[in-house]
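Take a look at what TrEMBL says about it:
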type     : residues               : note
BINDING  : N99, N109, H114, E119  : oxalate binding site
BINDING  : H112, H114, E119, H158 : Mn(2+) binding site
DISULFID : C35-C50                : disulfide bond
DOMAIN   : 64-212                 : domain 'Cupin type-1'
SIGNAL   : 1-26                   : signal peptide
Amino acid sequence: MISMPPFHLLCTLIGLLLLPLHINSADPDLLQDFCVADLKAPLSVNGFPCKPEAKVTSDDFFFDGLSKEGNTTNIFGWSVTAANVLAFPGLNSLGISMNRVDFAPGGLNPPHSHPRATETGVVIEGKLLVGFVTTSNVFHSKVLTVGQMFVVPKGLVHFQLNVGERKALLFTAFNSHLPGSAVVPTTLFASRPSIPDDVLTKAFQVGNDVIDNIKSKFSS
Ligand code: GLV
Ligand code: MN
């Protein structure tokens, strides 16, 4: 008679068999050549429905939205132009997208994270301090110049600061067609409705005056 393995061994074996199903680095693979997004489709799915193939043209696979410099006249002195599925529907389901990030002198891409993607980037112009913080609270950073690259593991909080004398330009790429971006200052201090002061005063160990002051910087 074949004896059953102990229960904990059975659980471990089942866990090992299922492990590959949990290794999902970013957007899932496509099941066809392409699926140009039909952004106006009334149907709502995880991603976007495909435009009928007969209506797909070459233009769906080209995008010139990153050719123009962004307007950096704002409190952070920066501008992000996204080439994600919303701007470039040909990216739908392909698991990639890019950003153009322009910096005025002293400009900051404020601390933020991308819940759905790892990011890599290359400096095209200028000098940037690039940094991210791990979930163990370790800060990794380096000053990068033209042609130098970085990577930010998925979901970690990161920033870039222009530490050069002139404007700077960065191109970034993501392993998601829609990485999403949670910008720390606006997430915490400019959500709608706002996070109650009681939460923020306790979280940052400061008084209401400090929280109200910060919130006022982001009220439009
Ligand atoms: C830079 O961090 C970017 O998100 O493009
Ligand atoms: Mn980023």
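In case you wondered, yes, glycine gets a Cβ from its N, Cα and C as well.
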Listing them in sequence order, which of the recorded positions C35, C50, H112 have their Cα within 10 Å of that of E119 (oxalate binding site)?
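So far as Cα distances go, none of the recorded positions lies within 10 Å of E119 (oxalate binding site).
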Of C35, C50, N99, E119, the recorded positions listed, which put a C-beta under 6 Å from ligand 2? Please answer none if none do.
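The recorded positions passing the 6 Å Cβ test are E119.
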Could you check the binding-site residues N99, N109 and say which one's CB has the most other CB atoms within 10 Å?
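For the binding-site residues N99, N109, the Cβ with the most other Cβ atoms within 10 Å is N109.
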Around the oxalate site formed by N99, N109, H114, E119, which additional residues qualify by having Cβ within 8 Å of the site's Cβ center?
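Counting only non-site residues, the set is V80, V101, H112, G121, V152, H158, T172, F174, P179, S181.
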What's the longest C-alpha separation between any two of N99, N109, H114, E119, the listed oxalate-binding residues, in angstrom?
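The oxalate-binding residues span at most 14 Å between Cα atoms.
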Are there residues of the same chain, six or more positions away from H112 (Mn(2+) binding site), whose CB falls under 8 angstroms from its CB, and which are they?
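The list for H112 (Mn(2+) binding site) reads V157, H158, F159, S181, A182, V183, V184, given in order along the sequence.
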Within 10 Å of each Cβ, count the other Cβ atoms and name the one among the disulfide-bonded residues C35, C50 with the highest count.
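When each Cβ's neighbours within 10 Å are tallied, C35 leads.
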Under 6 Å from ligand 1 by C-beta, which of these recorded positions make it: C35, C50, N99, N109? Sequence order, please.
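Checked recorded positions vs ligand 1; flagged N99, N109.
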Mind tallying the domain 'Cupin type-1' (64-212) by DSSP state, helix then strand then coil?
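Going through the domain 'Cupin type-1' (64-212) residue by residue, I get 22 helix, 57 strand, 70 coil.
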Going by DSSP, give the three-state secondary structure for C50 (disulfide bond).
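It is in a strand.
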What number of additional C-beta atoms lies within 10 angstroms of the C-beta atom of E119 (oxalate binding site)?
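E119 (oxalate binding site) is surrounded by 23 other Cβ atoms within 10 Å.
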Counting only residues 6+ away in sequence within the same chain, which have a CB under 8 Å from the CB of H114 (oxalate binding site)?
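The answer is V152, K154, G155, F174, S176, P179, G180, S181, A182.
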Report the residues of the chain - excluding H112, H114, E119, H158 - with C-beta within 8 Å of the mean position of the site's C-beta atoms, for the recorded Mn(2+) site, in sequence order.
S113, A117, F132, V152, L156, V157, P179, S181
